[in-house]
Amino acid sequence: MVSSVKMILALTVLATVACTGYAIKCYQCDSLTNSECGKDIKSDSSLVLDCTKMAPPRFLQNFFPVRNATGCMKQTIDIPGNPQIVRSCYFGNIADTKVGCQTDPSLTINKLLSCEVCTEDECNGTSSLAPIAGVILLFFGLARLLA
């Protein structure tokens, strides 16, 4: 009986962790309107957005049948003589960023200088080991419970 309860608990925890893995959270800001979004962003939860609440930009919607974000991105865009950093959710194929990284074609004066794409929560900002440490602790706690 106790073994069955432990197994159900373990499966519930694993299912919860797996489900939250699909909802990626990314920094959403630009350095033009928010100086905190510059080259070295400080950890600020007010700039973090749950990407499930965001649709792809209108100019990309014809390219992607799936409307879920697949990662986070950090773009450096040159607005004639003034490089700006834009952080947002990424929609598209992580392995082929040509389409997903493009800028709005109606803004013809903007030039994309770089685009970095990643697939972990808040990875388009300052890196943090806190999420990794939490998963490791959860794993060892679950292993101890099942032992």
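Just so it is clear, glycine is given a Cβ too, placed from its N, Cα and C backbone atoms.
In three-state terms derived from DSSP, CYS72 (disulfide bond) belongs to an extended strand segment. Annotation comment: Swiss-Prot describes CYS26-CYS72 (among others) as disulfide bond.
Long-range Cβ contacts of CYS29 (disulfide bond) within its own chain (separation 6+, distance under 8 Å): GLU36, CYS37, ILE41, LEU47, VAL86, ARG87. Residues annotated as disulfide bond in Swiss-Prot, with a curator's inference given as evidence: CYS29-CYS37 (among others).
DSSP assigns CYS51 (disulfide bond) to a helical segment in the three-state reduction. Annotation source Swiss-Prot lists disulfide bond at CYS51-CYS89 (among others).
The annotation disulfide bond is assigned in Swiss-Prot to CYS101-CYS115 (among others) on the grounds of a curator's inference. Counting only same-chain residues at least 6 apart in sequence, those with a Cβ under 8 Å from the Cβ of CYS115 (disulfide bond) are MET73, LYS74, GLN75, THR76, THR97, CYS101.
Annotation for CYS123 (disulfide bond): same-chain Cβ neighbours under 8 Å, separated by at least 6 residues, are CYS26, GLY71, CYS72. Per Swiss-Prot, disulfide bond is recorded for CYS118-CYS123 (among others).
Under the heading N-linked glycosylation site, Swiss-Prot lists ASN68, citing sequence analysis as support. Cβ neighbour count for ASN68 (N-linked glycosylation site): 15 (other Cβ atoms within 10 Å of its Cβ, all protein chains included).
ASN124 (GPI-anchor amidated asparagine) carries neither a helix nor a strand DSSP state and counts as coil. Among the features that Swiss-Prot reports, GPI-anchor amidated asparagine is placed at ASN124, with the record citing sequence analysis.
Here Swiss-Prot flags 1-23 as signal peptide, drawing on sequence analysis.
Here Swiss-Prot flags 24-126 as topological domain 'Extracellular', drawing on a curator's inference.
According to Swiss-Prot, the feature transmembrane segment maps to 127-147, an assignment based on sequence analysis.
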_For a quick check of understanding: among the disulfide-bonded residues CYS26, CYS37, CYS51, CYS101, CYS118, which residue's Cβ has the most other Cβ atoms within 10 Å?_
CYS26
*Restricting to the topological domain 'Extracellular' (24-126), report the mean pLDDT as a whole number.*
86
